[in-house]
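Below: one structure, written as structure tokens.
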Amino acid sequence: MSPPCNTDLGYIPPDGGWGWAVVFGASISVGFAYAFPKAFTIYYKELQAAYNISYGQIAWISSIMCATTYGGGPISSVLVSRFGSRPVVIFGGLLCGIGMVSAAFCTSIFQLYICAGLITGLGLAFNLQPSVIIIGKYFLKRRPLANGLAMAGSPVMLFILAPLNQLLFDNFGWRGSFLILGGILMNCCVAGALFRPIGAATGPTKSQKEKPAIETLEEQPETGTAELPGPGKEEEEKDRDCCENFNKYLDLSLFKHRGFLIYLVGNMLMFLGFFAPLVFLAPYAKSLEIDEYSAAFLLSILAIVDMVARPATGLIANSRWVRPKIQYFFSFSIIFNGVCHLLCPLATSYSGLAVYSGFFGLAFGMVCAMLFETLMDLVGASRFTSAVGLVTIMECCTILLGPPIGGTLIDAFGDYKYMFIKCGIVMVLAGLFLFIMNYYNYRKLAKEEKRKKHDVAPKDRQ
């Protein structure tokens with residue numbers, strides 16, 4: 001864990017009650033945000049044929065969608081701080097629907113990048129961050145379990161969407177499917193309606209500009225006049241107000257936080273290999289002459305195992321043995337993920353790919369269940385909104401590059417195995433980095449805590 005941080009929210013989270021309805025709504029929003037870019041890969045082969053493009057070019061659709069989902073984090077965090085989670089998620093659901101309906105009428109791959117990638121991705125961003133943030137406001141003791149249940153929405157949604165997309169394509173073609181998917185994504189608005197605001201109400205306060213004048217009047221009653229701030233002071237106060245307002249939404253002091261920086265660097269490296277195997281799993285199966293429904297069912301196998309892995313990981317992470325050192329558990333899950341990808345080229349039959357999908361689902365579920373819990377463990381609930389925004393904007397760069405790099409390797413070598421090997425190596429390196437640096441961080445924290453006790457002891461004697 002990081003240095004002790006302020007977790008005072010101004011109220012006691014209920015750890016239940018309406019919070020479970022919030023978890024249900026969050027599972028829908030998070031489910032669409034994570035599962036939709038993966039399930040969208042079902043259409044890759046057909047879109048390649050329709051637009052006559054390469055693997056590298058087609059991979060940009062999901063890549064832009066995922067990168068926008070993460071890169072829209074700061075915008076989403078600012079909007080949540082200003083308006084709350086409920087209206088942001090509802091607006092995000094509308095954006096998702098508009099993006100996919102517009103994608104149905106696209107006549108070029110660039111238009112698909114904008115509609116399916118950018119607009120839909122931004123809508124998913126407005127679903128993901130507010131859902132994660134509001135769980136931290138409703139839960140404290142049971143937060144790992146609540147996060148695990150909410151994150152379980154992703155495999156449930158993937159299990160439904162993967163075969164559904166193939167069914168829609170067979171009956172309506174990809175354009176008709178996109179229209180229907182636009183309507184389905186509107187259900188995010190219903191999920192957002194469950195996000196009832198919680199916490200101490202904050203009424204309008206006097207501006208910083210008014211306070212100095214009022215305080216001066218109160219402090220100098222005998223003079224009959226007040227020493228009002230001059231023009232120079234007013235400008236300084238305006239600048240100070242701007243900085244304070246900015247930090248209220250995005251706390252840049254987190255870049256001085258040792259644990260936060262370790263988490264950020266490790267995750268940026270991890271995301272270079274995190275999504276590409278999911279993007280190319282179904283196309284890889286089709287390249288081995290496996291039929292479309294069986295290829296789509298591989299994603300369903302992954303989703304079934306993922307569905308069990310996330311809440312189970314949440315329960316394990318919430319145990320008294322694991323929670324104090326949850327960062328080590330997170331590092332292990334990333335390394336496990338990488339090992340699965342390194343072994344994937346050995347699977348050359350459908351049964352082999354089914355086994356790989358099962359282990360991949362387990363490893364993927366473990367990472368996703370702890371992805372935000374480990375960040376909250378480091379920075380605390382009070383700074384979590386800012387932390388999510390900053391992390392997602394930094395991670396979007398590697399998320400954007402991961403699948404296209406994988407697609408370029410497939411185009412260059414004509415073989416999928418190099419893409420899986422690249423992703424495996426990157427994930428193992430990211431896990432090892434986090435394990436080593438978190439060990440260093442825990443040691444430093446122990447020394448700092450010991451030094452604090454040593455400094456306090458002489459004062460107590462006095």
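Each residue, glycine too, has its Cβ placed from N, Cα and C.
Unlike curated entries, TrEMBL annotations are predicted automatically.
Note that the coordinates shown come from a computational prediction; the quantities given were computed from them, not determined experimentally.
If you check TrEMBL, you get these features:
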{"type": "DOMAIN", "residues": "19-442", "note": "domain 'Major facilitator superfamily (MFS) profile'"}
{"type": "REGION", "residues": "203-238", "note": "region 'Disordered'"}
{"type": "TRANSMEM", "residues": "18-37", "note": "transmembrane segment"}
{"type": "TRANSMEM", "residues": "49-71", "note": "transmembrane segment"}
{"type": "TRANSMEM", "residues": "91-124", "note": "transmembrane segment"}
{"type": "TRANSMEM", "residues": "145-164", "note": "transmembrane segment"}
{"type": "TRANSMEM", "residues": "176-195", "note": "transmembrane segment"}
{"type": "TRANSMEM", "residues": "260-281", "note": "transmembrane segment"}
{"type": "TRANSMEM", "residues": "293-316", "note": "transmembrane segment"}
{"type": "TRANSMEM", "residues": "328-348", "note": "transmembrane segment"}
{"type": "TRANSMEM", "residues": "354-372", "note": "transmembrane segment"}
{"type": "TRANSMEM", "residues": "384-406", "note": "transmembrane segment"}
{"type": "TRANSMEM", "residues": "418-442", "note": "transmembrane segment"}
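Distant neighbours of the transmembrane segment (418-442): 1-2, 258-259, 262-263, 265-267, 269-270, 272-274, 276-277, 280, 325, 327-328, 330-345, 402, 405-407, 409-410; these residues of the same chain sit at least 6 beyond its ends, with a Cβ under 8 Å from one of its Cβ atoms.
Contact between the transmembrane segment (260-281) and the transmembrane segment (145-164) is not supported: fewer than 3 Cβ pairs lie under 8 Å, counting only residues 6 or more apart in sequence. Here the transmembrane segment (354-372) sits against the transmembrane segment (145-164); at least 3 CB pairs are under 8 Å, leaving out pairs fewer than 6 apart in sequence. Within its own chain, the transmembrane segment (384-406) is flanked in space by residues 56, 59-60, 62-64, 66-68, 70-78, 80-81, 125, 129, 132-133, 136, 249-252, 254-255, 260, 263-264, 267-269, 271-277, 279-280, 372, 375-376, 378, 419, 422-423, which lie at least six positions past its ends and keep a Cβ under 8 Å from the stretch.
Same-chain residues lying 6+ beyond the ends of the transmembrane segment (18-37) with a Cβ under 8 Å from its Cβ atoms: 62, 65-66, 69, 89, 92, 96, 120-121, 124-125, 127-128, 130-132, 134-135, 138-139, 146, 149-158, 161, 185, 187-188, 190-196, 275, 279, 303, 368. Sequence-distant contacts of the transmembrane segment (49-71) (same chain, six or more residues past either end, CB-CB distance under 8 Å): 33, 36-38, 40-41, 108-109, 112-113, 116-118, 120-122, 124-125, 128, 174, 275-276, 279-280, 283, 392-393, 395-397, 399-404, 406-408, 410-411. Listed by sequence, the residues of this chain that lie at least six past the ends of the transmembrane segment (176-195) yet keep a Cβ under 8 A from its Cβ atoms are 21-22, 24-26, 28-29, 32, 36, 43, 84-90, 92-94, 96-101, 103-104, 116, 120, 123, 127, 130-131, 134, 165, 168-169.
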